[in-house]
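Student: What Swiss-Prot lists as Mg(2+) binding site is Asp82, Asp124, Lys125, Glu489, and the listing cites sequence analysis. Marked as [2Fe-2S] cluster binding site by Swiss-Prot: Cys123, Cys192. Residues or ranges marked as N6-carboxylysine by Swiss-Prot: Lys125. As annotated by Swiss-Prot, active site, proton acceptor applies to Ser515. The compositional bias 'Basic and acidic residues' annotation in Swiss-Prot covers 565-574. Here Swiss-Prot flags 565-586 as region 'Disordered'.
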Amino acid sequence: MKNPLRSSFSTEGRRMAGARALWRANGMKEEQFGKPIIAIVNSFTQFVPGHTHLHEIGQLVKAEIEKQGCFAAEFNTIAIDDGIAMGHDGMLYSLPSRDIIADSVEYMVNAHKADAMVCISNCDKITPGMLMASMRLNIPTVFVSGGPMEAGELDGRHLDLIDAMIESADTSVSDERIEQVERHACPGCGCCSGMFTANSMNCLNEAIGLALPGNGTIVATHKNRIQLFRDAAKQIVENAYKYYRDGDDSVLPRNIATRQAFLNAMSLDIAMGGSTNTVLHLLAVAQEAGADFHMEDIDMLSRKTPCLCKVAPNTHTYHVQDVNRAGGILGIMNELMKAGLVDGSTRRADGLTLAEAVDKYAVTSPNVTEEAIRKYKSAPAHRFSIQMGSQESYYKELDTDRAEGCIRDVEHAYSKDGGLAVLRGNIALDGCVVKTAGVDESIWKFSGPAKVFDSQDAACEGILGGKVVSGDVVVITYEGPKGGPGMQEMLYPTSYIKSRHLGKECALITDGRFSGGTSGLSIGHISPEAASGGAIGLVRDGDIIEINIPERSINVRLSDEELAERRKAEEARGKKAFTPPTRQREVSKALRAYGKMVSSADKGGVRIVED
């Protein structure tokens, strides 16, 4: 049975003459009435290199959709550049922007009763925000991202944004060298070239099934990226007709993003050592989808999924462009599926099951298509460009070496332990997250005295001022979703630790979060957070923190009685209990509202709205 068009509320009937007049004023042709209206949800902005090349793409998608008879209308969301917002109070706005993006998409699409949508995303909070909206709306949706930036090159080696941050804080590096790194680290459009948050989410979108093959890995500058947008436009029209004309609800986001799809996506994330932010985002998207997917599932998967792909910042050898050459996300999914670690029966927006997509697109599959080979041979041009599709370079051959190449099979895994782990203990009763792919195995077991700071700013000053020494555990409190408010990323503190050559000699733990560019023994999302009465807010300078990644534990060496006494003393502060004792920070009304409504990190840091 076919489903009625949502847009019929504004396009049919005598009383809708005014609305139809406005649709005509928007350019709708007579023959387009009665057909699906497709929203193009773009995120173009000139503040973000991951989005600066999207200004013409929305209209390209519109033209492709309208070739097939439907009407398409474009609008934009906000988009924050985490790298530019980093290191000052601008970062307080990053995570809250995810929910604002989700709201804005819901508002626009529901207000105008669009029937389907193409989501053009790319960077950190934009993809998860649009994903959250797609689950709320549950109308046919296809995602296509702006693609990864090419890796920078200097002195014969790859580099990226994180190199610029680390070297700029290293007093042994000359100003001339820093200028050279700065000029070469980010060679144009696309989201930063490592497996940071933006690229991680665009890759996970392939695993969830809402994005087409190559979405996460074909560089932004390549002509094949433009073809991906055309393919997405054709796919959304096909899916809209499947749902509204044919009554096929298998194309709806909630029927694609099932519990098993989230398990598949998290297995991929663990296997490729993706950003810890993906934990927050997948939990948030699953909550909007009504999928039974929780922190306990992530813990379970982390104990059985090996690390099959190691990319910057976890190594200097490979960037996302190298993952593409090795067969992209479906190349990794193929290895996971062969080992029985993902479910091949999950559905996708392109109408295939995961198993069918792997058979068609995995470069080591005997049935791999010429289209797939062409996608994964898409190469960087090694020149500066801020224009999508400005080059057509190809690798001469693919990387199909599963023993020593970029993507490994299970037998030759980088490590039997996966790239992410959930730890628990007396200062993280509800869990915390560490990217094990970025931690040297020599410090998987670590203990040391706490150096406590009640803000990121204070921690940066302490690290650069020499207050942190070898063996210390830096503890940053009151930077969680509620305590920040906004749950800042701690990229500068971790980068400064590296710049002081303490990357393998110190740990950092926080109720805040980390950039996807972070590596080292950096443990975030500690829940409950300090501002919610979490025990991390009871840690004091000199307390011994014990971290054991193999045993998935993190504790402060204090008895239950000692912690209870400290809690009693803290609560005696009255209204000031579990607030930062020394921090001076102005918090806007918008951020205060977010802080009063937000859930803890182990629940995805989403807003709580009472029924």
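Every residue number used here counts from 1 along the chain in the order it is shown.
A Cβ is built for glycine as well, from the same backbone N, Cα and C atoms used for every other residue.
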Student: If I take the alpha carbons of Asp82 (Mg(2+) binding site) and Ser515 (active site, proton acceptor), what is the distance between them in whole Å?
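Tutor: Ser515 (active site, proton acceptor) has its Cα 8 Å from the Cα of Asp82 (Mg(2+) binding site).
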Student: Asp124 (Mg(2+) binding site) has how many other Cβ neighbours within 10 Å of its own Cβ?
Tutor: 34
Student: Report, in whole Å, the straight Cα-to-Cα distance of Cys192 ([2Fe-2S] cluster binding site) from Lys125 (Mg(2+) binding site).
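Tutor: Pair distance, Cα basis, whole Å: 14 Å.
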Student: Given the binding-site residues Asp82, Glu489, and counting only Cβ atoms in the protein chains shown, which has the most within 10 Å of its Cβ?
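Tutor: For the binding-site residues Asp82, Glu489, the Cβ with the most other Cβ atoms within 10 Å is Glu489.
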Student: Say we define neighbours as other CB atoms within 10 Å of the CB. Which of the binding-site residues Cys123, Cys192 has the fewest?
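Tutor: Counting other Cβ atoms within 10 Å of each of the binding-site residues Cys123, Cys192 gives the minimum at Cys123.
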Student: Can you tell me how far the Cα of Cys192 ([2Fe-2S] cluster binding site) sits from the Cα of Ser515 (active site, proton acceptor), in Å?
Tutor: 11
Student: Given Asp124 (Mg(2+) binding site) and Ser515 (active site, proton acceptor), what distance in Å do their CA atoms have, once rounded to a whole number?
Tutor: 9
Student: Taking 8 Å from the centroid of the Cβ atoms of Asp82, Asp124, Lys125, Glu489 as the cut-off, which other residues in that chain fall inside it around the Mg(2+) site?
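Tutor: Here the non-site neighbours turn out to be Ile80, Ala85, Met91, Ser94, Leu95, Cys123, Thr197, Ala198, Asn277, Ser515.
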Student: Does DSSP put Asp82 (Mg(2+) binding site) in a helix, in a strand, or in coil?
Tutor: helix
Student: Measure from the Cβ of Ser515 (active site, proton acceptor) and count the other Cβ atoms within 10 Å, all protein chains considered.
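Tutor: Within a 10 Å radius of the Cβ of Ser515 (active site, proton acceptor) lie 30 other Cβ atoms.
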Student: Please report how many Å separate the Cα atom of Cys123 ([2Fe-2S] cluster binding site) from that of the residue listed as 'active site, proton acceptor', as a whole number.
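Tutor: Roughly 12 Å, rounded to the nearest whole number.
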